[in-house]
Each structure stands twice: as structure tokens, then as C-alpha cells.
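Taken from TrEMBL as is:
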ACT_SITE  82  active site, proton donor
BINDING   83, 180, 216  Zn(2+) 1 binding site
BINDING   104, 134  Zn(2+) 2 binding site
BINDING   181, 217, 218, 219, 259, 260, 261, 262  dihydroxyacetone phosphate binding site
Ligand code: G3H
Ligand code: 13P
Ligand code: ZN
């Protein structure tokens with residue numbers, strides 16, 4: 001059993017009106033928590049690694065832990081670089097065994113984004129690795145890049161077609177109202193589904209059949225885990241994510257990959273806070289990390305069932 005690319009995952013997801021979950025990983029408990037739920041549902045999954053995670057856990061450890069997860073479960077797993085910053089980082093990920101990379105040039109002007117993305121695509125494709133890239137700007141913070149709500153811009157459908165054609169990317173991350181982090185909406189949640197439809201139709205009309213779309217910043221910000229954090233000493237006030245039914249709708253459309261990290265962070269942090277508060281004398285990391293792992297499994301179980309619809313997508 002080896003790691004796979006996302007090509008076949010996305011083809012089946014598009015045709016089956018579901019999406020594959022892309023979860024950010026940083027350590028063993030997060031990987032096991034995700035995989036335990038995927039194994040129960042026989043759901044394919046994308047385990048993704050940010051530049052920060054690459055530095056924290058180190059590429060070799062990450063790849064070997066993910067290979068262990070594949071050996072343990074037999075589930076289809078793609079190992080993906082999330083928000084790759086430049087060609088050097090993409091090369092490091094590919095040399096470390098990643099099967100999919102994202103290049104995020106969304107903060108550059110359009111022509112520069114096209115040029116740099118194409119460079120990444122040429123390199124990655126020569127190594128059999130698929131490429132996701134982003135057009136439009138999501139609000140929020142990831143790694144060193146921070147985009148204010150005022151600077152966020154939605155993806156232009158005509159430009160999306162030009163971008164996919166000229167770069168040769170395999171999937172496109174779009175901005176339609178989602179944002180990174182725990183504070184996504186001040187008022188009512190709103191996603192621009194008409195824009196998603198228009199992007200999909202224009203890609204189809206331009207000859208890019210069933211082109212896979214990616215949704216970043218798609219945590220629901222589960223209120224049970226927000227409350228768990230706050231009840232046990234945390235201060236996460238006013239956190240709000242994307243409603244489940246909106247994510248489910250996106251998954252039934254052209255969105256084939258849904259990115260979630262914040263929900264995992266909340267589940268892990270809430271669990272650890274709870275155990276350490278309830279049992280102040282506890283010093284065994286397996287007790288609080290084990291609780292975190294169990295709650296991540298419950299979270300991912302809910303995502304597969306209520307959001308992604310990806311059960312039985314792994315063989
Ligand atoms: O989109 C960003 C993810 O939440 C990763 O966050 O860069 O802090 O690891 P990170
Ligand atoms: P969230 O912050 O909504 O979990 O988004 C994560 C993400 O998009 C990773 O690339
Ligand atoms: Zn993202």
C-alpha cells in the first residue's frame with residue numbers, strides 16, 4: 001500500500017457529489033484520530049502539512065507516520081503540502097514523499113501568480129505529483145501570511161479559466177466567503193454559491209471537464225469544542241465557522257476537497273484543557289493526548305457523515 005495522488009479521489013468525488021476531507025496534521029495523535037474515523041467509514045482522506053507543521057514535526061517523521069497510517073488502515077491517503085510558499089518548499093515536500101502540493105501565490109499580482117504557479121506545475125508533474133493553487137484571497141491568517149477582511153477578494157470566474165489553462169494545475173482553490181481561523185463571520189454566514197456555479201460552468205465550457213474545486217477555511221468551528229475550551233479556562237469568544245449545511249451543499253457541487261484545521265485545534269485544545277482541569281494531578285501525557293485523539297475521531301466521524309459524504313470512497 002502506498003500513498004496516492006488526489007487524481008482518482010477527485011474524479012470519483014466530483015461524479016459522486018461528495019468531497020474528500022483535507023485535515024491538517026502536526027503530530028501522531030492527530031493523524032491517528034483522523035485515520036480511526038476514516039477506517040470505520042472506509043473514507044479516502046487527504047492529510048495536509050503546512051510550512052509551520054513541516055518545521056515543527058519534520059518531513060521524514062510526517063511521511064513515516066502517514067505511511068504507518070496507510071499500512072495500519074489500508075485507506076487511500078494523499079500526503080499534501082498546504083499553502084506551499086515557493087518552489088524550494090515544494091521541492092522539499094516532493095523529495096520527502098508528498099504526493100500532492102499546493103502552491104499559494106494568491107498574494108502576488110495575477111501575472112506573477114501565473115508565472116510562479118506554472119514553474120511549480122512543471123516541476124511537480126515531472127515527478128508525478130499533482131498541484132493545487134489558489135486564485136482570489138481568503139481573509140485570515142495562515143503561517144506568516146495575514147489577509148484582512150478588507151483585502152480579501154473573491155475569485156473571478158473568467159480569470160479562473162485563464163489561470164487553470166495557463167498554469168496546468170490539477171485543482172483550484174477559490175475564495176467565495178470562507179476564511180482561515182476561528183473567527184469567520186461577524187454577522188450571518190454567507191457563501192457565494194452563484195460564483196461557485198459560474199466558475200464550474202465556465203471551466204466546463206472551456207473544456208476542463210469536472211474540474212475539482214477546493215474550499216479552504218472550511219472549519220465549522222464546532223461550538224461544543226469552543227465551549228469545552230472556554231469552560232476549562234480558555235478564552236475563545238465569538239468564534240464562528242461555516243454552517244454544516246453550507247459545507248454539505250458545496251461538497252455536492254464541484255468542491256472536491258474541503259480543508260479543515262481549526263476544528264481539529266479546538267477539539268485537541270478543549271480535550272487537553274478538560275482533562276488537566278478535571279484531574280489537576282494528571283501528569284501522564286497519554287491521558288490528555290488520548291482524550292484529544294478520541295475527540296478528533298468523533299469530530300472527523302461527524303465530518304464524513306454530515307459534511308463530506310465520503311464514506312466508502314476508499315476502494
Ligand atoms: O491554512 C492554514 C492552516 O490552518 C495551517 O496553519 O500554518 O499555523 O500550521 P499553520
Ligand atoms: P480552517 O482554519 O477553517 O480550519 O481552514 C484550514 C485551511 O484552509 C488549511 O489550508
Ligand atoms: Zn488554507
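Any Cβ shown, glycine's included, is placed from N, Cα and C.
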For residue 216 (Zn(2+) 1 binding site): intrachain residues, at least 6 apart, with Cβ closer than 8 Å: 134, 138, 173, 178, 180, 259
C-beta crowding around residue 181 (dihydroxyacetone phosphate binding site), within 10 angstroms: 19
Residue 262 (dihydroxyacetone phosphate binding site) in three-state DSSP notation: helix
Local Cβ density at residue 262 (dihydroxyacetone phosphate binding site) - other Cβ atoms counted within 10 Å: 24
Subset of recorded positions (82, 83, 181, 217, 218, 262) lying within 10 A of residue 104 (Zn(2+) 2 binding site), CA to CA, in sequence order: 82, 83
Contacting binding-site residues, sequence order - 216, 259, 262 vs ligand 3, Cβ under 6 Å: 216, 259
Sequence-ordered binding-site residues from 134, 180, 218, 219, 260 with Cβ under 6 Å of an atom of ligand 1: 180
Euclidean distance between Cα atoms of residue 260 (dihydroxyacetone phosphate binding site) and the residue listed as 'active site, proton donor', Å: 11
The one of 218, 260 whose CB sees the fewest other CB atoms within 10 Å, among these binding-site residues: 260
Where the C-beta lies under 6 angstroms from ligand 2, the matching binding-site residues among 104, 134, 259: 259
Largest CA-to-CA spread of dihydroxyacetone phosphate binders 181, 217, 218, 219, 259, 260, 261, 262, angstrom: 11
Cβ neighbours of residue 83 (Zn(2+) 1 binding site) where a neighbour is any other Cβ within 10 Å: 25
Local backbone state of residue 83 (Zn(2+) 1 binding site), from DSSP in three classes: strand
Rounded Cα separation (Å) that holds between residue 219 (dihydroxyacetone phosphate binding site) and residue 83 (Zn(2+) 1 binding site): 16
Cβ within 8 Å of the mean position of the Cβ atoms of 181, 217, 218, 219, 259, 260, 261, 262: remaining residues of the chain near dihydroxyacetone phosphate: 24, 178, 180, 216, 241, 263
